[in-house]
């Protein structure tokens, strides 16, 4: 039986380190002897229910850890379930009952160290590179046990489409990228070419070959296939490591890139520069025959470089990019790979690149910035020294990425511990029932204090192209180390709330100096347009986006500013200014003026705001309205708010709720769900937005209708149903935030009960 372990790690191991006793760490362990017959039956029932409905509801309900926590805490919902009939008014007591039921359930799924665990996954290309790397290095059997393999295969079977393929994420239609990666994972884990549940391998292979074969995989996939020996490096776009040797202010230096882009390029250019290829095993030779539509030795690699399946093509390469690739391919690379430049330039560039890889690994305790970078950095360390300490330290941190759900084993982005906790705590605080949920609040407060980043990246971080991190909060845990603006703003809001509550209930307030450090970090990220970025300050030319090599994502070359992050910062600063009016007073006031103007400028023609990190216009609009409301804007004095209210009211469905398709994100146009279905998360976001906009004072009817849907959707134990996927990044790839279905409905019910007049 699988069990989630919290804040655990071998403190005596020379291959793993921590900055705060592993607070926030969440790892899964399999114990074949654990679990009663009843517990095992519960888990199996959850798996079977997901399987039966897998084509209707793609994201898992994250029940494996929830069942465990609810058992361990002996949770029983004691507040009777409530429903609102047609024509019936929602009373204060009804709203209170629904809110308390949600709050008690949510408190019960809190971890012992104070954070809220959850799945944060969804893309089908997160897991396979871990399998690829471990296969190449010979560690696949030791890291992924038979229990792991069963869960990986369960995940792939559950998310295989009826046409035999897989999308780039669990809700997307079949793609070459997702299908090739998933097929290779099954085969490397030991399935034969015609094995797998419901002929999984044969159906996947047919999809690949019917769509042109593996040469049509996007450029990112071509890189990993070259590493595996299923492709030739001559069939990929050049990634010269020499760019690291340019002056850092030069437009093509990686320092100008968005941090995730930079840190993918970093190990990839090392592997490319060495033309590294893993062992050509009999299985690799067989896979060459299975995946290509012509004999491997007959393929014209030069011609396949620019090929990409139509199913995967979201961002076509501009002409200027094709010219750059061809220049590097035909002119630059032939020079850099021949004597004397291969010895005096290429070797020096590779050493410089490896030095930066080691720096980033050490700064993140070998977690790295994310799951895409992790296996690449791990492999680069193995290529440098298969018996080296760096590679062994990487192996110890694989567990930090693994997540087990009723749909199987997947790989996380890197965990959303702090983000979910900061939002969840605000939802609980809004309930205004401190006496009932004091222990959950105190543990959450303690977690946030321990999760704040206390130091900057190690050594001379500016020479390694890093922004300062002291005072920030990460998306995941402190060991991860990567500062995030909105996680910092939302965590700061929590700490400020807690400072106004009785310390005997919620714990001592956070050290003001630590709060000042958080403010300093947020201030450092404001761009000249008034918005703030996520990880590092924006500023590189947006024209560099023309060089985006990833055909299925957009806006990933340079850092951008974001409405949601800016709105969170406004809310945090308005609250901070009231409690600490003297710290950087003038700078905060100037920040707020520019930030509000930025949000107003970013509003779309229909009155909404595009959500960059959530689906989509309902998500962005909720955050934007929260920021404007905090800054003192109202329906009467702000045209942007009036236009936003009009958008929200027009988007309301006949059932009283709201529901938006993930397709809004890539299309950049509001797309309702088929049949104008509603979801509890979108409904909650819209309710929060309308409350921010003062709709309760004008006409609360739309809010009442939305809350009725929330109350009637609540499950018997206080949970809410899992529905559509709710997160996104880079326009076209979705992320599953499993806690959103609890956080936002709870928050909406709490704000409704506090701010909307209700009959007793």
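Placement of Cβ uses the backbone N, Cα and C atoms for every residue, glycine included.
These numbers come from a predicted model, not from an experiment.
Per Swiss-Prot, the features are:
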- 99-141: repeat 'PFTB 1' (REPEAT)
- 149-190: repeat 'PFTB 2' (REPEAT)
- 441-485: repeat 'PFTB 3' (REPEAT)
- 486: active site, proton donor (ACT_SITE)
- 515-560: repeat 'PFTB 4' (REPEAT)
- 592-632: repeat 'PFTB 5' (REPEAT)
- 641-689: repeat 'PFTB 6' (REPEAT)
- 703-744: repeat 'PFTB 7' (REPEAT)
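Among residues of the same chain six or more beyond the repeat 'PFTB 1' (99-141), those with a C-beta under 8 A of the stretch's C-beta atoms are 4, 6-7, 23-24, 26, 59-60, 62, 65-66, 69-70, 73, 75, 77-79, 81-82, 152, 155, 159, 166-171, 177-178, 181-182, 184-185, 188-189, 220-221, 224, 227-228, 278-279, 371-372, 374-376, 378-379, 382, 386, 391, 395, 398, 401, 403, 405, 409-413, 415-418, 420-421, 424, 427-428, 431, 433, 436-437, 439-440, 443-448, 450-451, 477, 714, 717-720, 725, 727, 733-739, 742-743, 745-746, 749-750, 753. Looking at the repeat 'PFTB 6' (641-689) alone, the prediction's average pLDDT is 98.
Long-range neighbours of the residue listed as 'active site, proton donor' (same chain, six or more residues apart, CB within less than 8 Å of its CB): 419, 534, 562, 564, 565, 568, 569, 613. For the repeat 'PFTB 5' (592-632), the DSSP-based tally of helix, strand and coil residues reads 24 helix, 1 strand, 16 coil.
DSSP states for the repeat 'PFTB 6' (641-689), grouped as helix (H, G, I), strand (E, B) and coil, give 28 helix, 4 strand, 17 coil.
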